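Below: one structure, written as structure tokens.
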Amino acid sequence: NCLTLNNNLFLHMLLYFFFSTAVSSILYSSYCQMQGQFNLNGMHKAGDVMLGGLFQIHFFSTYPDLSFTSEPQQPTCYGFDVLGFRKAQTMAFAINEINRNSNLLPNVTLGYSLYDNCNVLGIGFRASLSLASGQEEQVVLHETCVGTPPVLGIVGDSSSTRCIAISSVLGLYRVPMVSYFATCSCLSDRKKFPSFFRTIPSDAFQVRAVIQILKRFGWTWAGLLISDDDYGLHAARSFQSDLSQSGAGCLAYLEILPWGEDPAELRRIVDVMKKSTARVVIVFAHESHMIALMEEVIRQNVTGLQWIASEAWASVTVLQMPDLMPYLGGTLGIAIRRGEIPGLRDFLLQIRPDLQHNSSHVVRFWEHTFECSFSPPPAGWLEAGGALCTGQEDLEKVEIEFLDVSNLRPEYNVYKAVYSLAYALHDMLQCESGRGPFSNHSCGSLQRLEPWQLVHYLEKVSFTTSFGDQVSFDENGDVLPIYDIMNWLWLPDGGIEVQTVGEVKKLPFKGEQLTLDEDKIFWNFESKEPPQSVCSKTCPPGTRMARKKGEPVCCFDCIPCSDGKINSMECISCPEDFWSSPQHDHCVPKETEFLSYPESLGICLTIASLLGTIICAIVLGIFIYHHNTPIVRANNSELSFQLLLSLKLCFLCSLLFIGRPRLWTCQLRHAVFGISFVLCVSCILVKTMVVLAVFKASKPGGRPRLKWFGTVQQRGTVLGLTCVQATICTAWIVSASPTPHKNTQYYNDKIVYECVVGSTVGFSVLLGYIGLLAVLSFLLAFLARNLPDSFNEAKFITFSMLIFCAVWVAFFPAYISSSGKYTDAVEVFAILASSFGLLFALFGPKCYIILIRPERNTKKAIMGRGNTKGNLVK
């Protein structure tokens, strides 16, 4: 930030002094005269409308002595950049092509002024001021300052830092500037750079493209090297922010590559790379930085790294050398979209120093290409064996990268930048008077062109190149982003080939889309597979990540997960119906538990239930077969039949407690159980009351009481007592119906299917009513146990009710202390035990007499030897 502030301060001061003389001279004369003129290397062609261009045609520059004891000399440039010269020639070609196109800017000839920035901010800024203000030494002032400005728009610059400085000033005057290589995301700020456009995607998109590659190969641990300028610093800021938000990984280190020669700093940086566990190195820097860095990498022999190159060096040939391939082979790079420019090679072949005598660039290009010197040669040139240039040398006979137009990338962006200015100007000149976008619906005219008017049309320009690419700018002046993914292939014969293995582009409403042909990628490793670059390996199943204190989130220890949880970024609990697998790597459905038919306990209880039912049926059959015998007719045989049927229901209702609980089984099980047992106990109660009534009636004056215990009254009593229980069950089901429930509280790894009673009060009243009738029957039977009779049924009723009450008294603590399926098992056992107790206690003795001792199945034997005078009620 301080560097940018200082640069801006210097540039504004320079601008002030540049214009101060012209402003002050207005007070004294009718013309403006420049105090000094910049000595710039350029190429020019006249036209109706001029376009400017800024290109790096030399790598270096030297500044003269600035002691100010004499007038400072202009800086000089050296180190001819052939590819930079080709970019400038591409702009000249595009303008010539436009001038020949009758459909684009008819009757308008474009000219150009192209300057060399010598890769220096100060020289680039001087050139931009010259383009914006003109190079005339004296400007005559008219009454009205009208006409065409020196240049209507500028193509360039290639550096983000220079673009920031130049556009911040030109933006004040709304002079459009279309860069072909400046990628800093900061240039998308329209408030700071309102007239800046570019035909290369922003670094913000390039950063996201790199993150997409990291995600694709699972590289979560990488190092980042950046250049010490706006390009590198803004890229690092964007990369750290986007990487953190995406959660795609962490930076093992972030190092700033120094400008110039600094062996100690480079040695330290390479040592950091060597010691780091990160196998992936991302570099947002320029080729000059990489050249210096690779010298130290070779010296320390740092191999086994996967390099990811930014667009600044992804396709530069100076690094594609055989001695660098053991280190840089397999590099993945983000490269500018390749394009084709038909006719460019023929245009380049037409370059001749005799035809371009006004351009020093052509002379230097010729001397550089043919390794000769034009006359007069430098001192000692001929003595050293140097040749003189004739200007007649044949370019087609030399193999130089300058003529290789098969891989045009920055040049294609230059081509699109020139055409975007041309199409914007064409659209402006096509405006119909009275329907224009400016004040009072006016239009721009060729005679009074204003740069800000061109900015308006640039924002809306849209065209398709001959290569088929759509060109338009968004609200930030950025072009539709698309990059090629390059891979540095090291051929078996030692050759090098930079191949396209994919692309990354932004789709409307879908974000970035990465397409990669992984089969084509060359990996410079013994395994020929992508390397692993992680701080900590993924935690194995059953463990979770625990961050290491003071280290990035990608560095962690693995801690085992507890039961019921599986591993993820953290151990997460399984859903309620699931449990962790033995490996703790996924959730599996919990084992379900209920009293089922197939299990041994369910089989035993089912057999017991069916056995009791069968026995009841057998006893009922015996009684029906022997229904005319005294033992069956005694004490109302109809009640005995009803009792046997109710006992069968008691046995069968236990089956409702076995099997997977469902709504209807939950509702029926207690209702059938309650009604069946009340019916059973009611019959026993009535039997007991009849026994008492009969023996009371045998006493003097007791005969009239029997009319209250006739068959009708007995049936009515049983029915009435049973209806009370039916009413209780109905009210319970209607108000708070029992429902099936998945209980996960008993066990962590099991789901217990059970029926919840719904209403504890309803369940308690149901059991309480059965208990009341059972106790009442027991008390009455106990009172009648000593009545005289050789077959006093009250004794057996007392014994049966004693068994019944004992079973159900023992049931309650067992029921409360049981859980899961054993709760149902306890209830079933109580039902079966009490039912078997009643069955055997009440009907066992009778069946014994009927089947084993038939001689006792007589009226005399049952009545005894005259102990009573009454008859048992039939």
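Residue numbers in this text run from 1 along the chain shown.
Cβ from N, Cα, C; glycine included.
Caution: TrEMBL annotation is automatic and unverified by curators.
Annotated features, as they stand in TrEMBL:
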TRANSMEM  9-31  transmembrane segment
TRANSMEM  600-627  transmembrane segment
DOMAIN    601-866  domain 'G-protein coupled receptors family 3 profile'
TRANSMEM  639-659  transmembrane segment
TRANSMEM  671-695  transmembrane segment
TRANSMEM  716-736  transmembrane segment
TRANSMEM  756-784  transmembrane segment
TRANSMEM  796-816  transmembrane segment
TRANSMEM  828-851  transmembrane segment
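Against the transmembrane segment (600-627), stretch 639-659 shows more Cβ pairs under 8 Å than any other of 639-659, 671-695, 716-736, 756-784, 796-816. Nonlocal intrachain contacts for the transmembrane segment (796-816), taken as residues 6+ away from its ends with a CB within less than 8 angstroms of a stretch CB, comprise 681, 684, 687-688, 691, 767, 770-771, 774-775, 777-778, 781-782, 784-785, 823, 826-827, 830, 833-834, 837-838, 841-842, 845. Of the Cβ pairs linking the transmembrane segment (639-659) with the transmembrane segment (756-784) and spaced 6 or more residues apart, fewer than 3 are under 8 Å, so the two regions do not touch. Within the chain, the transmembrane segment (716-736) has long-range Cβ neighbours (under 8 A, six or more residues past its boundaries) at 639, 642, 667, 670-671, 674-675, 678-679, 682-683, 685-686, 689, 758-759, 762-763, 765-766, 769-770, 773.
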